[in-house]
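Below: the structure, in structure tokens.
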Amino acid sequence: MTRAGVGAARRSRFSSWSLRKRLLVVTIGLFMLLTIAVTVTSMLIMRTVLLDRLDDQVQEYGSRMQIQAEDSLHAQRGQQLEPRNITGTVGVLQVHGYTMQSFYATGGGGAESLTPQQAARLVGSSPGIPGETYTTSLDVRGDYRAVELHIGDNEDIRLFVALPMAEMNQTMLAMTMVIATSAIAAATLLVALADVTIRRAMRPLTNVVLTTERVSQLPLDSGDVHMSNRVRIDDPATEVGRVGESVNRMLNHIETALGARAASENRMRQFVADASHELRTPLAAVKGYAEITRKHERDMSDDARLSLKRIEGAANRMSALVNDLLLLARLDEGRDVTFAEVDLSKLVVEAVADAQAAGREYPVGLDLPEEPVVVHGDMLRLQQVLANLLANARVHTPEGTQIEVELGLDGEDAVLTVADNGPGISPELAEKLFGRFVRGDASRSREAGSSGLGLAIVKAIVEAHGGEISVVNRGKGSGAVFTVRLPLAEED
């Protein structure tokens, strides 16, 4: 993976984090960067201060040793330099490039000589400028801060003295540990405080999320919807408070719109129910007068007989349409459904027998489980579901189409499928097939007209039973499969 790809992946992971997590990580990251910067700056300043102090000590110690060396050389006694009981100090006295004396103070006034290599390292590390301090390392004896001094005005007599840096290094290490421990403790405390603070700050936003989630779970597709959920706003002056107010205003608008829709649906439903009810009387009168007129059929001309036949057919179709509309209106109101235990297997057998009698040109196959399938429902309405599905298969397929009816079990559901090997359903029609007044297009050739309410009634009845219906295409020219799922009756 390229660098650009790695960077994009990291950004994607970061953007997928929750807002609270991102705020917490950014806060801790900034704190750690600030802590590191302050720690490094503090340690550099402390090292400079301690090093300056050690340089002063080296200069002071070197001055004393310089006086001692001058006195020894003036007396011409060849006295040895005395380390003055400062443990760990080292020194080298050179005359004309030759080491006359070297020492390492062991404490208690004692001293031992440096090895030639150590003496050479102390001398060789000097920048050659009298009085200027420098750092050197003497192998196992550690790091030293040293200074080169000349005895008198003679540049050929040089004195090198050094003090150990162990104490300063230990102080630096101790301070580093203290600062690191303090930083870790502070970071831990900051994490806790930041988490609490961010949680409190994000609580109103969490309320917004919970409210919208509860609203999203409401059935908003139809009916009268009551949305009592609102975002509780603690402080409308904050950004989150303004978001909450906006969400509440949006929910108010949605509730108003849904209320208007529900009122419109209720008015339309009432209108359809009233119109259907009122149309039944004149339709019955039309059919009655047609029957009376039929008694005088012998005295009619051929044109009159044909007109009478058409009047009777139109009246029958109109009566069926009115009855379907009235049934849909009642189903929408939750009426006209009486629940009891129903043997669905028996209903399927009877429906298949009726279908075979009604259309012998359409062979019907049947597949049932060995045990009866019992559901909790309305026997008359379930009979109507079966009759409409089988009639739909006959009406919208050519003669000779094979129809297969299968009843089975799937967990706690009864599953009924009605399949045919006809021309199938176009994808455009399948999406709206269960709508009202939807009729098959040319690809679903039919010889008999329909009101377009049959499958809408099936869907309404199935949903009134707590079930669901779906349709899939087997493929072009391979027919359609209608699947109905109904909950089984609970066992006593």
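The first residue you see is number 1, and the count goes up from there.
Using the three backbone atoms N, Cα and C, a Cβ is placed for every residue, glycine included.
Automated prediction, rather than curation, is the source of TrEMBL annotations.
What TrEMBL says about this one:
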TRANSMEM  23-46  transmembrane segment
TRANSMEM  172-194  transmembrane segment
DOMAIN    199-259  domain 'HAMP'
DOMAIN    274-490  domain 'Histidine kinase'
List, by number or range, the same-chain residues at least 6 past the transmembrane segment (23-46) whose CB is under 8 A from its CB atoms? 17, 172, 175-176, 179-180, 183, 186-187, 190-191, 194-195, 198
In the domain 'HAMP' (199-259), how many residues does DSSP assign to helix, to strand and to coil? 39 helix, 0 strand, 22 coil
Express the predicted model's confidence over the domain 'HAMP' (199-259) as a mean pLDDT, rounded to an integer. 79
